[in-house]
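First comes the structure, then the notes that go with it.
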Amino acid sequence: MNSCNLEVKGMQLNRMALCVSNCPEEQLDSLEEVQLFANTSGSFLCVYSLNSFNYTHSPKADSLCPRLPVPPSKSFPLFNRCVPQTPECYSLFASVLINDVDTLHRILSGIMSGRDTILGLCILALALSLAMMFTFRFITTLLVHIFISLVILGLLFVCGVLWWLYYDYTNDLSIELDTERENMKCVLGFAIVSTGITAVLLVLIFVLRKRIKLTVELFQITNKAISSAPFLLFQPLWTFAILIFFWVLWVAVLLSLGTAGAAQVMEGGQVEYKPLSGIRYMWSYHLIGLIWTSEFILACQQMTIAGAVVTCYFNRSKNDPPDHPILSSLSILFFYHQGTVVKGSFLISVVRIPRIIVMYMQNALKEQQHGALSRYLFRCCYCCFWCLDKYLLHLNQNAYTTTAINGTDFCTSAKDAFKILSKNSSHFTSINCFGDFIIFLGKVLVVCFTVFGGLMAFNYNRAFQVWAVPLLLVAFFAYLVAHSFLSVFETVLDALFLCFAVDLETNDGSSEKPYFMDQEFLSFVKRSNKLNNARAQQDKHSLRNEEGTELQAIVR
């Protein structure tokens, strides 16, 4: 009844709900308008015991009717609820968890006022991600040089714009406005963080600049594998659509759990729903299901890509690629290896859930004045879980590839993948890492151009909205979209190198046991190994000269 004037008691919302035939689509500013709406539409917005004739006469009307003004709302067809159309209402729901309601109001107002700009920037990020994907698909040495130059220019340009905006804010006469001060602080934070990231990336680009030729050859080999199954590039779209469908279904079930209960008539004729026994435990189960099922869907994508790459790699006739490798990989996954994917996704969920619990406890301890040591310990635990999570993600990907090669279960495949990679890490670790670094630069380029567009768009209305959070949301979405499309290249790279390692283990290149890899891939690995060995020998030689230097007697 009071969706925009909620009362918070004991960290819970004290709310009353009514059944109405129609939702008020326009704002009602007085009890007379509420009475007129009831008479014309048949929707009584006050408690049932109060007749619509007494809306303007009863001395208790202020407590029995909704607080004024009544916000405009629309009926949501899925749950038959009146959903408010003003963003300020939603910030009051979040105020149960966030104390600074004024800041939350400004943030949500900025998001709502700039929603058209945010939508346009998200479309721009999608277009840039598709362009980057096709750039990697048809990569050449010239394109890599142009690409790295654009990354450097983009990083420097974004840093320069941020520092210029901060200087412009400090010399602006309207800086006394709250939105201006908030934006100035956020611009300063963005400028410092972007400068640090730019410095680190520029150093890495300078150190690894001599490996550009090998990188071009590496991506040409990767594209040769993708050309056998070109629909692999659209795999993230299918996965994203399935995830969206699951998340919508998950929210629907969550709302059903939240309204499940036994009706009890309280004092004053109000009806209150008491949760059924065990329903609160279902919420925890439902949250675990969200994490586990999401990881399962992502693991199915990894398994599908790995299976298609394995099918194309272990094919003797390179001129006659297999038919429908993606469909073949999907059928093998659903008929034989669902248990493997379930185990791998469960392993990630076992690590993710403690991370969420530790993060929640760390945020809870921020309000305590004497919990510095506890916060530090929780922060260390969170970092350990994060590192373990990243390691398990890499191990799972290799386990899925080994399963696609040998058809073994998850534990056996993970053990075999660990042994093979440990034994053959000298062949391709540095090359694979540099390939992943170039792909990461592609994601950075998408984020840089999207953020630059956001800075130019949001800066026009700087006095009317807090655009720091909308810009962060746009940057996060741009990185997420770029990662979704370019992660296909990462998965194909990892699968190719693991197939290469297995090929080296089982074959020797003789006529009896020829390699499955083509000569282009074999020559590429040999050249990269020669380069690594030459650098290692050079480092040992320089170290030996330093260690062998002795003090000579001075002859007078």
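Cβ coordinates are placed from backbone N, Cα and C, and glycine is handled just like the others.
Listed features, source TrEMBL:
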COMPBIAS  537-547  compositional bias 'Basic and acidic residues'
REGION    535-556  region 'Disordered'
TRANSMEM  118-136  transmembrane segment
TRANSMEM  142-166  transmembrane segment
TRANSMEM  187-208  transmembrane segment
TRANSMEM  237-262  transmembrane segment
TRANSMEM  283-310  transmembrane segment
TRANSMEM  437-458  transmembrane segment
TRANSMEM  464-482  transmembrane segment
Result, the transmembrane segment (437-458) in contact with the transmembrane segment (187-208) (3+ CB pairs under 8 Å): yes
Which bits of the chain, at least 6 residues beyond where the transmembrane segment (142-166) starts or stops, bring a Cβ under 8 A of a Cβ in it? 135, 184, 187-188, 190-191, 194-195, 197-198, 201-202, 205, 209, 212, 215-216, 438, 441-442, 444-445, 448-449, 451-452, 455, 459
Same chain, outside the transmembrane segment (283-310) by at least 6, Cβ under 8 Å from its Cβ: which residues? 225, 229, 232, 235-236, 238-239, 242-243, 246-247, 250, 253-254, 257, 325-326, 328-330, 332-333, 337, 340-342, 344-346, 348-349, 352-353, 396-397, 400-401, 403-405, 488, 491-492, 495-496, 499
